[in-house]
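> Just passing along the structure, written as structure tokens.
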């Protein structure tokens, strides 16, 4: 059981600043995901938590105790590596039991715990094989087994699913989430896959250039992204952005761009002429084959069926807007189509720094 | 009226393939025949061995030539007697010297190679090249200083003189072999071991070295062979059966006026056996895929 707290962590490799004054508290038994594009410092942060990397400044605390100067083998953590890092010369049984052996746990207890972990992961029949005889998915399970067999304070997972095929990834995603519930420990998970982050986490910390952009629940991140980066990174397909300006027309606050004019019902204290970016998620865009009041005309650029939905890209005055509409969608390429934005679900960001100026209202969140 | 012209399917003689096989077989024979000949000869009587045309297979096979090393008969006493009686000792000497060289090399090179493969430090590249440069100096250029040095320390005609010399030859190459090998061992394995509560020594012993075993074996075999085959330094630094190695004694056969070829062949076979056993023993380790399955494949 452990609460992990990072306080003012800074790390650079040579002249490259990788993590910049990072503050984060991961609660006991929480599933927290660090997510961000490659090179955003998420893996480095994880490595500093487990002691494989030392911060240039700042401190790491486990349950309030500073551990910054403890090497990895003295910290109470278990880790799943992206590459699995299974010991090739040891059997699955030895791989899973290795940490316990190092902790001088009696052999009978090791055997029992290894078997239990193997049962949890459904790899009992693989215990006497060597890693090279396993498939990718099986190796991944063994790597997980090596972590969960331990009674560690925190479990660190560094992109554990990134080497699996899409189908297996979906399956393991659910299994890891369930595992977290079963073992009831602190999980810190690193991924660049926003779907993994959204589906598995209690909270998500979105990182970019070594800085946490926002740390909140998946719903909060999705509904009220703190800035344009979070808005674009979280959500697939990503949010549509249209650059324009605020304008007051007949006492009504409007958003105006070359392509469209949109009434804004909520806004921050931005001056009337401020440069802003309007954001709308594809599922908040509606399409109609016939003109509707308040809809703008565009033309179908391309449509991509996803099964239950169709992802339609519409060109409006040179801007491409993606809409996610229910199947069926029967308009062909270049057919005229009318596009409307759900006014309750609009996001507004400052053009200068991308900070969120407005997000859907709390009560709009279903 | 049109006729269909039937082109008979001509069988083409695969000259290219034939030539390839002929060359391959010829090259194989070139490599294997001399060795076969000394093995065959070592089981022949002297008269059969020298007969013209030669007997390719021993007609009256005998173990006499081998038994002679333990219990020389009068003829063997007479011709090349000293070499014959020294052969068993030289085999023992060679084994001790080569094994010790292999072990000492392995220990020193492992530490050095690990540092070169894992740590970044100024001048590491220069050092590596420097190590290799020492191997560019011909042995003959340093044999006299070596001799004087060994004499000064009272090490002439001892195992230690040979082991120290051979270690200086083999070490640079062993470091290079291991450095490249260690670099190919995924760093995550060590990190995983650290997270699995291993200290540095335990990480090395239980994870890194077993994974690097094929490289270690290759390096050890290399050092063993270097020591086993070396002739010139052994000739200078040893003088009695206390430390003479097999190449020196084998040379004695050839320089003897009355060389008995069959005994010489038997000595040759004996000289090949230890390295051969070594190679067979570790052959699997040598070719084994090193880290197969450890990280994403």
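Every residue, even glycine, has its Cβ placed from backbone N, Cα and C.
Any TrEMBL annotation is an automated prediction that lacks curation.
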> Looking at B:185-206, B:207-228, which one does TrEMBL call transmembrane segment?
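The range carrying the transmembrane segment annotation in TrEMBL is B:207-228.
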> Which stretch, out of B:159-178, B:239-258, is listed as transmembrane segment by TrEMBL?
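So the range that TrEMBL calls transmembrane segment is B:159-178.
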> So which of B:18-39, B:95-114, B:159-178, B:207-228, B:261-282 is most in touch with the transmembrane segment (B:126-147), counting Cβ pairs under 8 Å?
B:159-178
